[in-house]
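What TrEMBL lists as transmembrane segment is 16-36, 111-136, 167-184, 196-214, 226-243, 255-279, 285-308. Look at TrEMBL and you will find 117-350 tagged as domain 'Major facilitator superfamily (MFS) profile'.
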Amino acid sequence: MYIQIYFDTTANFSKAQIGVLLSIPCICAIVSPPVWGAIADGIHNQKLAHTVCLVSAAFLFFSIQYVTSFPLMCAMVFIANFQTQPSFSLLDHAAMAWLERVGGDYGKQRLYGAAGYGAGGYFASVVASVSLFLLLTYVPNIQHEAEHHQKGELLKSMKAILHQHDVLVLFVITISELPFFFHANKIIERFGTPKCVFVSLIAYGIRMITYMFVQHPWLVLPVEVLHGLTYGLLLAAFTNYIYEAAPKGTEGTMIGVLFAVQRGIGGGLSTLVGGWIYGALGGRMMWGIAGFIVFPLSLVFTAGFACLARSYAAQSPTASKEDSGSITSDESSLLATSADYGTTDVSAQC
C-alpha cells in the first residue's frame, strides 16, 4: 500500500521509473496465481503452497530496502509480487474448500478481510510509527514525557482524519462492503450470478458517471456506498461461480485464472489506458469514456455471459462436488483440523 511512497521519497526513483515499478504487480497478477494454483492442485497441498508464498514474499519485500539500482529493483519487485499475488486466490481456495466441508457462506468469511483492510490501512502505519518512535527514543529518564507527547500527537492526528476527504472515503468504502459480503450467498442464491454481476456493473456505471460530473469532494461520499455492490457482491459472485464450475481438483487453478484475468489483465489494461487518457484528455474525459463507452459494453458482455451460463446449466449439468469420493490431502487436513472444534461428523454434512 505504501511502497510507492518508499520508491518516491526514500529510493528516489523518477516518476517514470515508479510507473514501471507499479506496473510490475499487474504482470505478476496475470502469471503467478494460475501457476501457484496449478502447483497447489498438482501436489494436493494448498497449505504448503500458500505457506511458501507468504514466507518467501515477506523475506523478499523485506530485502527491497537494501536494493538501490533500478534494474535490480525491478527484478526484486517482480519476484516479490510473483510470490505475493497468489495469496488472494489461494486463500479464497482454502476458504471455499473449508466451507464445502463444514458449511457456511463465503461472503461471511470474506467480510473479515474487508474489515481488516480498512482498519489495517491506517492502524498498521500507526502501530509501526509508535513502535519505531519508542525504539529510537527509549531513554529511561524521559520515557514518560515521550509517551505523553506521543499520545497527544496521536489524538491530534485522529482529529485531523475527520477533516480528510480521502480517509473518510476509505472508511465509507470499507463499511459498505460488510453487509454485501455477509449476505452474498443469500443474494446469489436468490437472483443468480448473472443478475448479481449485472447489478454490480450498474453500480459501477453510476459511480463512473458521477465522478465525471461531481464538483465537490464531499459529493463523492454518498456514491462510494455503492462499493459494496461493485466489489463485495461482484467478488463473491465470481468466486462462488468459478469454484462451483471448476472440475474436481482444479479449483485452485481456476480461481488463480480468475484473479489473473481480473487483477492482472483487467487491472493492468485499465491502469495503462486510463493513465494515458487521463494525461492526454483529463480526468473528466477519462471517467466519461468509462461511463458512456466501457460501461454499456460491459452490460453487453454480461448479457452474453448470462446466455452462456444458462445454456451450460441446461445442456451440461455437472456432478456435484459432494458426490465425488476423492478427497485431497489438503482437504483431509481441513477435516482433521475441524476435530479441534468438537466431535461433529463433518463428512456427514457434505
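Including glycine, each Cβ sits where the backbone N, Cα and C put it.
Remember, TrEMBL labels are computer predictions, not curated facts.
Source: prediction; values computed, not measured.
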**Complete:** Top stretch by Cβ pairs under 8 Å to the transmembrane segment (285-308) (candidates 16-36, 196-214, 226-243) is 196-214
**Prompt:** What same-chain residues lie close to the transmembrane segment (255-279): Cβ under 8 Å, and 6 or more beyond its ends?
**Reply:** 19, 23, 26-38, 85-86, 88-90, 92-93, 96, 238-239, 242-243, 246, 285-286, 289-290
